[in-house]
Each structure stands twice: as structure tokens, then as C-alpha cells.
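The active site, proton acceptor feature in TrEMBL is assigned to E111. Residues annotated as domain 'Radical SAM core' in TrEMBL: 117-356. Feature annotation from TrEMBL assigns [4Fe-4S] cluster binding site to C131, C135, C138. The S-adenosyl-L-methionine binding site annotation in TrEMBL covers G186, E187, S220, S243, L244, H245, N319. Per TrEMBL, the feature active site, S-methylcysteine intermediate maps to C362.
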Amino acid sequence: MTSLPIIQSAATAGRRPAMPPRHLADLDVSGREDALVALGEPRFRARQLSTHYFGRLVRDPDAMTDLPAATRAKIADDLLPRLLTPVREMATDDGATRKALWRLHDGSLVESVLMGYPDRVTVCISSQAGCGMACPFCATGQAGLTRNLSTAEIVDQAVYLAGVAASGAIAGSPSRLSHIVFMGMGEPLANYNRVLAAVRRLTSPAPEGLGLSQRHITISTVGLVPAMRKLADEDLQVTLALSLHAPDDDLRDELVPVNQRWKVAEVLDAAWHYADRTGRRVSVEYAMIKDVNDQPWRADLLGRLLAGRLAHVNLIPLNPTPGSKWDASAKPVEREFVRRLRAAGVSTTVRDTRGREIDGACGQLAASEVPT
Ligand code: SAH
């Protein structure tokens, strides 16, 4: 077995990465009040500004007519700096799936995906520019980590796309953003504090935050065990998704290199700890890769590991990525895998893959400025 790099952190990459300017969404309510007082404004302006940004999804200072005209621009410059510059938006599924490519203040590129369904609107957001986890079947993992996103860079992806949904852009879907999945670029638990602050902003009621239900937020991880255990103790009701992809250490060491540090048994223990503490069912993600992890014996082994646990398996047909030698499993093989898991008493579904045509599906986000 080859030894693959485990974690490439920004700190070991040499130069200290340039974080963006501070933004309203980085601050809690009292931090916002302090910032306005520092600008010579009354504290109550914090609530006015927050109502525009989080409550009405308005970011243009000219539209903030309840702020004095003379200080609007100064307030917006200080607290609503532009963090995400749209570079390109691509749509598919008759407009129900939209991928947004953003340029950050330092030139880094990240992507987010908006998905409309009849009963809900989901945004898939990025937590890092690039990713250091090096999973060989994932396009994001191939380029390595550039840097962590700030709390506001994470939140602003959701607020911006909530505005797109609110404009009625997705026909046949509700206009209100309801669900967020941390399944875009990056490993959310490797940027723990900022991701947690972002979750608090996204779930605090308006005008403090976006007012989403904690249960409608999913954090997906490769399995950083100490961070999973810490998350379990945060007293949150968010859904944890674990990217397992193999039930045995031999194969998982290769598919998810962080497994060389935390083995399948440890990562599942941490998942069950999360389920115990929160009462939430853990979602186990498993990309179906032809002749790699889709054998009947692996389905049976996975079934034995998960039977009787508060878990749900999401099989993801492997999405194509540039230069990958792997293919998705054949449909009959996938069906047999599902059958064996269900026979073991494990609730299992196959994920409806959105956005393949625009490289917006799981594992395809690679933030290239040139359309591929
Ligand atoms: N780093 C976190 C968050 C990214 S979520 C994590 O890995 O969980 C993206 C999900 O898509 C993960 O479950 C990932 O393993 C999966 N994925 C990556 N590449 C894929 C591909 N080519 N096809 C299908 N799923 C893929």
C-alpha cells in the first residue's frame, strides 16, 4: 500500500494565507454593535444593518434607506466588504441546479451549488479554498489546500444564494432557502471554529442570522475523529455525514488517506458517539466505485458494522473527475449492494446526483476559471 499524504495544512504550505477583511457575518450581535460604535454610530444601527443583510438579503447600501444617506457608504465599506465576486454561474436541470464560481479577495476560487426541489431549496457550500485531504477520487482533493475560508466567506455563499432563490429564480421550488450542506470544497472540520461560527450565524433567528433550522444543516467529514467528538459536545442538532467509502482499513487507507491516522473502527465509534449525544441519525456516504469498493462482501461487512446503529447509508454513484481511472459501479451491482445493506437492516438510499453536466456534483468542484 502506498503511503499518501495525510493533511496538508496552510501552516505547512509556507506563506501565511491572506484572510479577507472583517465582515458583519464574522461578528455576533455585540461584536456588530461595538463595530458600529467604533464608527461613531449608535448601537441600534447593528440591528438595522443585520436586518438588511440577513433578514431581507439586501447588500446594496443605496437600498438601505433607513440608514442616514451620509453614513451608508461608510458603514457598508466597513461591515459589508465584498467577499465573493461572482465569476461564472452555470445552470442545469432546467435551472433547478446552479453552480456559482466565486473569486475571493486574494484571487482564490471557490464554488457553491444551489439545488431546487419541489419541497425545499438546498445550498451546498465550501468551507475551504481547495482541500488538504487528498482523496484520490475527488477533484477538489487533487489540487491541495489553499486556505481556510473566513466565517463570513462561508456564510455569504448561503446568503447570496438565498437571495437568488428569493428572486424566484428556481421555478417549481420554494423561494426560501431551507437546507445547507457543507459538501462543497474543503474539509469543514479542518476549519472547525469558523465553520461552527458559520453554523451559528446560519441558524440564529433573523436579524442575528439567517434563521435556518439546525436540523436542516449537514456537516460532512472525512472523519477527523477529535473534531467529530468535539462537535458532538456542542449541543447542536446538525446532521453529521461521514464519508466512509470503504468498510475495511486496507481500502479506506487508500480512498480516504486520513484513515491512515484514524481507522474505520475509531471513526465509526466517533460517529456513534455523535448519534448518542444528539439523537441524530448519522449519514454514511459511500461513493460506488466500479470493482474498487462495490463487492458483495464489502456490502455485507458494511451491513455488519452499521446494523442496529442510528445510521443511514447514502450511496453516491461515482461522478467523473478529470484524469480519474475510476468509473461508477454498474447499476445491477449497485442494486445488489443496496439489497444486502437493507437485508442487514440498514436504511439505504442512492443519492440523486445533481449537476454532473456543470461539474457541480459531489467531488467535481475544482474551481477552474476556464469552463471544462
Ligand atoms: N471533505 C468533506 C466534505 C466534502 S463532501 C467530506 O469529504 O465529507 C463531498 C462528498 O462527495 C464526500 O462524501 C466525498 O467523499 C464525495 N465525493 C468526492 N468525490 C466524489 C466523486 N468523484 N463522486 C462521488 N462522490 C464524491
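Heads up, the Cβ atoms here are built off N, Cα and C, so glycines get one too.
Any TrEMBL annotation is an automated prediction that lacks curation.
Predicted, not measured: the structure shown is a model, and the values here were computed from it.
Rounded to a whole number, the distance between the Cα atoms of C135 ([4Fe-4S] cluster binding site) and N319 (S-adenosyl-L-methionine binding site) is 13 Å. On its own chain, C135 ([4Fe-4S] cluster binding site) has G141, V222, S243, H245, L255, V256, P257, G363 as residues at least 6 apart in sequence with a Cβ closer than 8 Å to its own Cβ. Ligand 1 lies within reach of S220, S243 from the binding-site residues S220, S243, L244, judged by a C-beta closer than 6 angstroms to any of its atoms.
Checked against C362 (active site, S-methylcysteine intermediate) by C-alpha proximity, the recorded positions E111, C138, E187, L244 yield C138 as the nearest. Cα distances from E187 (S-adenosyl-L-methionine binding site) to the recorded positions E111, C131, C138 are smallest for C131.
When the recorded positions E111, G186, S220, L244 are compared by Cα distance to C131 ([4Fe-4S] cluster binding site), the shortest distance belongs to G186. The Cβ of S243 (S-adenosyl-L-methionine binding site) has 27 other Cβ atoms within 10 Å, all protein chains considered. DSSP assigns G186 (S-adenosyl-L-methionine binding site) to coil, not to a helix or a strand.
Contacts of G186 (S-adenosyl-L-methionine binding site) defined by a Cβ separation under 8 A and a same-chain sequence distance of 6+ are given as S126, S127, Q128, A129, G130, C131, T140, L145, N148, L149, in order along the sequence. Recorded residues C138 ([4Fe-4S] cluster binding site) and L244 (S-adenosyl-L-methionine binding site) have their alpha carbons 13 Å apart, per Cα-Cα distance.
The residues near the [4Fe-4S] cluster site, meaning same-chain residues not in C131, C135, C138 whose C-beta sits within 8 angstroms of the mean position of the site's C-beta atoms, are M133, A134, F137, A139, T140, G141, Q142, E187, V222, G363, in sequence order. A separation of roughly 16 Å, to the nearest angstrom, links the Cα atoms of the residue listed as 'active site, proton acceptor' and S220 (S-adenosyl-L-methionine binding site). For C131 ([4Fe-4S] cluster binding site), the number of other Cβ atoms no farther than 10 Å from its own Cβ, over all displayed protein chains, is 26.
Mean per-residue pLDDT, taken over the domain 'Radical SAM core' (117-356), amounts to 96.
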